[in-house]
Amino acid sequence: VSCTGSKDCYAPCRKQTGCPNAKCINKSCKCYGC
């Protein structure tokens, strides 16, 4: 998922992992587990 900031990643990562833990790194989302 492309992003401009970490908050762009929270919703897609919550869908993937069930948790909104995420960071935007090099304009793409990195999802972390709970």
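Yeah, the Cβs are placed from backbone N, Cα and C, and that goes for glycine too.
If you check Swiss-Prot, you get these features:
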DISULFID  Cys3-Cys24  disulfide bond
DISULFID  Cys9-Cys29  disulfide bond
DISULFID  Cys13-Cys19  disulfide bond
DISULFID  Cys31-Cys34  disulfide bond
MOD_RES   Cys34  cysteine amide
SITE      Lys23  site 'Basic residue of the functional dyad, critical for activity'
SITE      Tyr32  site 'Aromatic residue of the functional dyad'
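This view paints the features noted in Swiss-Prot onto the structure.
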residue: Cys3; record: disulfide bond; contacts (Cβ under 8 Å, 6+ apart): Cys9, Cys24, Lys27, Ser28, Cys29
residue: Cys13; record: disulfide bond; contacts (Cβ under 8 Å, 6+ apart): Val1, Cys19, Pro20, Asn21, Ala22, Cys29, Cys31, Tyr32
residue: Lys23; record: site 'Basic residue of the functional dyad, critical for activity'; contacts (Cβ under 8 Å, 6+ apart): Ser6, Cys9, Cys29, Lys30, Tyr32
residue: Cys34; record: disulfide bond; contacts (Cβ under 8 Å, 6+ apart): Thr17, Gly18, Cys19, Asn21
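Neighbour density around each Cβ, counted as other Cβ atoms within 10 Å, peaks among the disulfide-bonded residues Cys9, Cys19, Cys24, Cys31 at Cys9. Cβ neighbour count for Cys29 (disulfide bond) (all protein chains, 10 Å cutoff from its Cβ): 19. In the shown protein chains, 12 other C-beta atoms lie within 10 A of the C-beta of Tyr32 (site 'Aromatic residue of the functional dyad').
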